[in-house]
Amino acid sequence: MPVSSRVERPETAPEGPALPVNELFASLQGEGKLAGVPSTFVRTSGCNLRCWFCDSYHTSWDPTHAWMGVDDVVDEVDARDPTHVVLTGGEPLIHDESELLLERLADDYHVTVETNGTVVPDAPVDLASVSPKLSTSTPTPENAPDGVDVGAWEARHEERRIDLEALATLVERHAFQLKFVVTGPEDLPEIEELVADLRGVADAAIRDDDVLLMPEGQTREELAATRTVVADLALERGYRYTPRLHVDLWNDAPET
Ligand SMILES: C[S@@+](CC[C@H](N)C(=O)[O-])C[C@H]1O[C@@H](n2cnc3c(N)ncnc32)[C@H](O)[C@@H]1O
Ligand SMILES: Nc1nc2[nH]cc(C(=O)O)c2c(=O)[nH]1
Ligand code: SF4
Ligand SMILES: [Mg+2]
């Protein structure tokens with residue numbers, strides 16, 4: 001079983017550098033090149049995008065969090081004694097204090113940052129897990145989560161979701177994976193085009209092996225409908241497939 005968070009929930013920021021933390025928990029890395037590795041997750045709240053399918057609704061569409069001093073976050077991580085830490089969100093890199101947290105964790109842990117690739121940190125990162133958002137992620141009145149008024153987010157999301165320069169800098173500076181959320185075969189041409197564009201501008205090798213296709217789905221039931229289609233696309237194209245192990249194991253339970 002995942003280890004539950006013992007984070008208290010003050011609603012106002014403490015003195016000094018702090019982060020809005022939605023969850024802090026131990027689990028298995030469920031996605032990507034390190035799938036299966038026991039890891040401690042720090043999930044910040046707040047995002048500069050609004051994917052209609054966001055599986056972390058309470059960090060994006062309806063952000064909720066406890067404010068934690070960066071020192072307290074480090075203490076909570078230390079208490080779990082992991083080898084691997086995953087900083088995620090929301091979009092963790094919209095918070096300047098995430099850079100301080102990354103500095104503080106760098107010497108003791110292997111740190112993966114899960115990011116949408118629109119913000120470049122000036123901080124040490126062991127694995128940049130970059131998930132650029134395709135046009136099928138854009139929220140519309142038709143696909144929006146129940147009760148959500150998409151409002152200005154349709155245009156804002158569309159305008160912000162791809163920043164080629166930021167993506168190039170991320171892959172140049174860090175070990176990386178490009179992890180695309182795939183809703184179906186119609187996503188493949190867009191992935192091919194983006195990878196080609198990035199290869200054209202980035203001063204770093206991007207191997208097919210660094211490109212991961214991940215099925216869209218927040219629940220086991222949803223994944224059952226997408227995983228085989230996406231696995232077949234990966235096989236056909238020579239890209240890597242990544243499961244969503246945590247969904248297979250714990251479905252959509254929080255803190256997993
Ligand atoms: C919640 S996001 C947080 C990090 C960052 N904002 C991002 O999008 O990369 C964590 C990971 O979950 C993926 N994700 C979110 N919703 C998903 C869904 N419905 N199906 C598959 N993957 C999803 C994202 O693409 C990302 O790789
Ligand atoms: N187990 C588990 N693995 C993950 N890998 C990336 C995650 C994320 O939400 O960023 C995630 C997550 O939420 N849970
Ligand atoms: S970028 Fe990440 S956190 Fe933000 S809405 Fe999309 S999946 Fe959710
Ligand atoms: Mg997740």
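Cβ coordinates come from backbone N, Cα and C, glycine included.
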_F53, C54, D55, S131, P132, K133 bind S-adenosyl-L-methionine per TrEMBL; candidate in G16, G90, G151 listed for that same site_ = G90
*asked:* If I go by TrEMBL, which of T64, T83, T88 binds substrate at the same site as L28, Q29, G30, R43?
replied: T88
_Taking ligand 1 as the reference and 6 angstroms as the Cβ limit (strictly under), which binding-site residues among R43, F53, S56, T88 are close?_
F53, S56, T88
*asked:* Quick test of your reading of the structure: among the binding-site residues Q29, C47, C54, whose CB sits under 6 A from ligand 2?
replied: Q29
*Length of the line joining the Cα atoms of C51 ([4Fe-4S] cluster binding site) and R43 (substrate binding site), in Å*: 17
_With Cβ-Cβ distance below 8 Å and at least 6 positions apart along the chain, what are the contacts of S56 (Mg(2+) binding site)? List them in sequence order._
N22, R43, T88, G89, G90
*Could you check which of the binding-site residues L28, R43, C51, F53, D55, G90 have their CB within less than 6 A of ligand 4?*
D55
